[in-house]
Amino acid sequence: MLLCSLTLMLLWMVASGLECDTKEVCLGSPGIPGTPGSHGLPGRDGRDGIKGDPGPPGPMGPPGGMPGLPGRDGMTGAPGLPGERGEKGEPGERGPPGFPAYLDEELQGTLHEIRHQVLQSQGVLILQGSMLEVGEKVFSTNGQSLNFDAIKELCARAGGHIAAPRSPEENEAITSIVKKHNTYAYLGLAEGPTAGDFYYLDGAPVNYTNWYPGEPRGRGKEKCVEIYTDGQWNDKNCLQYRLAICEF
């Protein structure tokens with residue numbers, strides 16, 4: 001039995017030697033572990049990792065200190081849009097009465113200058129024959145020829161009326177203006193509801209006339225009156241163009 005065991009061991013050893021020769025490596029059984037080595041040097045820093053999720057908010061900090069001083073005023077801004085107009089206020093109290101006009105030397109001086117200028121203007125117009133004074137009336141013309149309604153409106157805008165003689169003196173003054181312009185002129189008269197009855201434009205009946213012989217004879221168809229260059233009157237329709245003479 002012992003012999004058999006020795007034989008088997010010998011065969012195993014021979015086989016093991018042949019295996020070493022063939023592979024040039026001999027496989028032995030693991031040895032006893034050695035002692036641990038010393039710590040090596042620290043490795044290099046690794047690359048930055050991926051950005052992580054935000055963390056939760058931290059707790060509220062303590063209150064700050066006292067507020068600082070106010071800053072300086074800024075630059076003035078651009079003006080805004082105008083606002084809506086407010087309601088009209090109540091009238092104020094009535095002031096004390098002023099001084100009478102005759103006590104105001106400056107006003108009196110101004111009025112005196114105005115009167116002087118008016119008199120000068122009247123003198124120039126009188127010399128030109130475009131204005132004549134008779135009593136408290138002034139007769140004037142601008143030389144235009146218009147129909148009756150247009151003359152009436154023209155004189156009203158100037159603050160007067162169509163010339164209407166109420167005396168021989170006034171009729172003569174109007175006649176002299178007509179002669180100067182060598183034309184006829186309308187008078188401030190109009191026929192009433194009854195043919196042949198004429199009135200002043202204020203509705204008063206005519207108290208002075210100087211009709212041409214046989215006039216008026218329009219029989220209600222000629223409502224206006226014209227004056228000839230000899231001062232006599234004739235009834236006429238109101239659409240003709242005649243010299244505009246106003247009285248003031």
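Note: Cβ is positioned from N, Cα and C throughout, glycine not excepted.
Of the cysteines listed (CYS238, CYS246), Swiss-Prot assigns CYS238 as the disulfide partner of CYS224. For CYS246, the cysteine that Swiss-Prot lists as its disulphide partner among CYS26, CYS155 is CYS155. Regional average pLDDT for the domain 'Collagen-like' (28-100) in the model is 73. Spacing of CYS155 (disulfide bond) relative to CYS238 (disulfide bond) is 16 Å (Cα to Cα, whole number).
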